[in-house]
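S.K.: Here it is: the structure, laid out below.
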């Protein structure tokens, strides 16, 4: 409060122009006109930003002052974050696999054994005329035999056979992998003259899908649970630090600090805990990735596939860090708000 | 500046700390509040600081019934009152300078302006040379003067003090009272609770006496 330059005599009439202790106008008298308001508001904004900067720095310095204890808190947060994040990554790679499976979801129409190759080609054209069909590939009986032998891994085991027992077949890639549509397509193809049997085996694709959906839900549930865990860890840590600074809080409240002012340093501490926990979680994830990548690659190679563990990309890392920072902030907010109500200046 | 109108304060339903208090303090006055411990001096100050609300009657400060203040307005109300506590209420983890600048930090005063005002306040209480010291390194009298500097750094219109000379020897106590008189001379309304009758009787200011929560004497009113 600025003191009026000329001291008014006691009891001088209307003081309303500058009520020194007028509680209804907490932010100093407003009667000086709108022009004077502008710079004052901007200076208040500057003061607010200054306090935010100061508290962000101050809370960071407090963290650094007790590195071991605070590192352990962050590690607890990191571990809580790693589990759902790792599960999420695994599911993500399963989804990639799923996309490849979509490509391999095909129907095979086996033609009657009596059908000759030109006839087979005609049938193939009839099949591709169906609008639910995206592409077709004719596999001749000879080609089929060759593939079969190759997949058995024994070159001449079947060469003793006089006749090729395999029919010509048509591999059909459907436009949609929807099970019902594929079933209907299979029935239509079966009706075409010369088609003996249509095979579609979707059950395992379906199973994998259900498994992935289950996994997503488990990851989500774990994420929520461990997120709550982070809230509790941060909340408890902040509760202790509020308790240890109780006197300071009482004093600043005695001399006119608002709740927001009191809360601010703790919110920053919480956010730092969350951020530190997030960084540690990223480190743990990449460490785990490194540790598992060799055996996983070896395993994939034994199946003749190339598969590498997924990594968190830049977006993923940013999301993880933002979530953990936000969780830390929220945990601190809950803890401080609960305690502010109980702290009353003596 | 301050008006108590039929004010009563009960604690826990039975114990009546204050009853039927009626008095006024004009702007720029200096008033002593005295009585035995337990007479209600501290309760009265707590009412003015809006740490508590009266059970009955109204406490009016600067024309406003402060019981009507919304909780969110209370901090802004308190910023306009300087308070000196018997136990100083200094923070021991920071320097004298930062203790005194606390009210200005809370209000978001720009740092250079804040430093200027802090030094002015410390100069006034004669502790400018100790600004970097920690409160723990100071004597009791010096700590009390830091508390006074913090109370006045904000140039409040109203200065309250609860037993500010409680633990000090007579010479130091007289110095402290002299400081309060200085602030009063430049227009600050000052209200000091003290049981040190010998000290305050010699100062020739208005004295309000409390006994068992009642006003028993109001001497030397201006």
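Cβ coordinates are placed from backbone N, Cα and C, and glycine is handled just like the others.
Automatic prediction, not curation, is the source of TrEMBL annotations.
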S.K.: If I go by TrEMBL, the feature transmembrane segment sits on one of A:197-217, A:218-238. Which?
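M.R.: So the range that TrEMBL calls transmembrane segment is A:218-238.
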S.K.: Which stretch does TrEMBL mark as transmembrane segment, out of A:50-70, A:71-91, A:92-112?
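M.R.: Of A:50-70, A:71-91, A:92-112, TrEMBL gives transmembrane segment for A:71-91.
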S.K.: For the annotation transmembrane segment in TrEMBL, which listed range does it cover: A:247-270, A:271-294?
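M.R.: That would be A:271-294, per the transmembrane segment entry in TrEMBL.
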S.K.: By Cβ distance under 8 Å, which residues at least 6 away from the ends of the transmembrane segment (A:271-294) in the same chain are close to it?
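M.R.: Apart from its flanks, the transmembrane segment (A:271-294) reaches 59-60, 63, 70-71, 73-82, 85-86, 89, 230, 233-234, 237, 308-309, 311-312, 317, 320-321, 323-329, 331-332.
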S.K.: Averaged across the domain 'FtsX extracellular' (A:107-198), what pLDDT does the model get? Just tell me the whole number, please.
M.R.: 80
S.K.: So how many of the residues in the domain 'FtsX extracellular' (A:107-198) end up helix, strand or coil by DSSP?
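M.R.: Split by secondary structure, the domain 'FtsX extracellular' (A:107-198) comes out as 37 helix, 22 strand, 33 coil.
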S.K.: Please list, for the domain 'ABC3 transporter permease C-terminal' (A:222-338), how many residues fall into helix, strand and coil according to DSSP.
M.R.: 101 helix, 0 strand, 16 coil
